[in-house]
Amino acid sequence: MATQLKNLSDFSSATEIPSAAGYSFGIVVAEWNAEITNALYKAAYSSLIKYGAHAGDIHTYVVPGSFELTSGAELLLKNMKLDAIICLGCVIQGETRHFDFICNAVANGISNVAIKHSKPVIFGVLTTDNQQQAIDRAGGRHGNKGDEAAVTAVKMVNLLKQ
Ligand SMILES: Nc1c(NC[C@H](O)[C@H](O)[C@H](O)CO)[nH]c(=O)[nH]c1=O
Ligand SMILES: CC(=O)[C@@H](O)COP(=O)(O)O
């Protein structure tokens, strides 16, 4: 599996990570699976600060579930001047196909919001078969998708400087 070859928080071999200084970021976090999404959030916030973002330029909002990440991102971009949005959530397969509908809706919805506003909206959503896979990707053996999402946002806001 691809993840087995990659730690989500290892950027040692990555291209240089540009500065986040001067850019404003929104972070939308889903409450569902809060022990996981809180870990994603802490990593994303810490990474933005590590790469130069100012605390006053990071705006955090909580939504009930991952399905609401799309509307959360839309509301922020419609009402605030932000350079990028990071959406953080954790969807874990249950007994029914509800998982599929949420995952597909969020992935497509976030993409549509990004295109509508011509702004980076980062898909920092874990979509796992079970709790352990989520733990492994929220600060466990496969790193933290919150780190990955933050670095992606920093790279994207600097895109036009390339
Ligand atoms: N089962 C999970 C959910 N379900 C809730 C939905 O995201 C949504 O809030 C509800 O359908 C009302 O619109 N959300 C997650 O983030 N993770 C899950 O595992
Ligand atoms: C992804 C979900 O919504 C899931 O946790 C709900 O569980 P179930 O499919 O058993 O209703």
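Backbone N, Cα and C define each Cβ position, glycine as well.
Annotation comment: TrEMBL describes His98 as active site, proton donor. Under a cutoff of 8 A between CB atoms, and with a sequence separation of 6+ in the same chain, His98 (active site, proton donor) has no neighbours.
Counting every protein chain shown, the Cβ of Ile92 (5-amino-6-(D-ribitylamino)uracil binding site) has 17 other Cβ atoms within 10 Å. Taken from TrEMBL, the feature 5-amino-6-(D-ribitylamino)uracil binding site applies to Trp32, Ser66, Phe67, Glu68, Cys90, Val91, Ile92, Phe123.
Per TrEMBL, (2S)-2-hydroxy-3-oxobutyl phosphate binding site is recorded for Glu95, Thr96, Arg137. The Cβ neighbour count for Thr96 ((2S)-2-hydroxy-3-oxobutyl phosphate binding site), using a 10 Å radius and every protein chain shown, is 8. Under DSSP, Thr96 ((2S)-2-hydroxy-3-oxobutyl phosphate binding site) is assigned to coil, being neither helix nor strand in the three-state scheme.
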Quiz item: Where does Trp32 (5-amino-6-(D-ribitylamino)uracil binding site) sit in the DSSP three-state scheme?
Solution: coil
Quiz item: Which site among Glu68, Glu95 has the most other CB atoms no more than 10 Å from its CB, taking these as binding-site residues?
Solution: Glu68
Exercise. Measure the Cβ-based neighbour count of Arg137 ((2S)-2-hydroxy-3-oxobutyl phosphate binding site), defined as the other Cβ atoms within 10 Å of its Cβ.
Key: 25
Quiz item: Largest pairwise Cα distance, Å, within the listed (2S)-2-hydroxy-3-oxobutyl phosphate binders Glu95, Thr96, Arg137?
Solution: 23
Self-check item: Sequence-ordered binding-site residues from Ile92, Glu95, Thr96, Phe123 with Cβ under 6 Å of an atom of ligand 1
Solution: Ile92
Self-check item: Where the C-beta lies under 6 angstroms from ligand 2, the matching binding-site residues among Trp32, Ser66, Phe67, Cys90, Thr96
Solution: Thr96
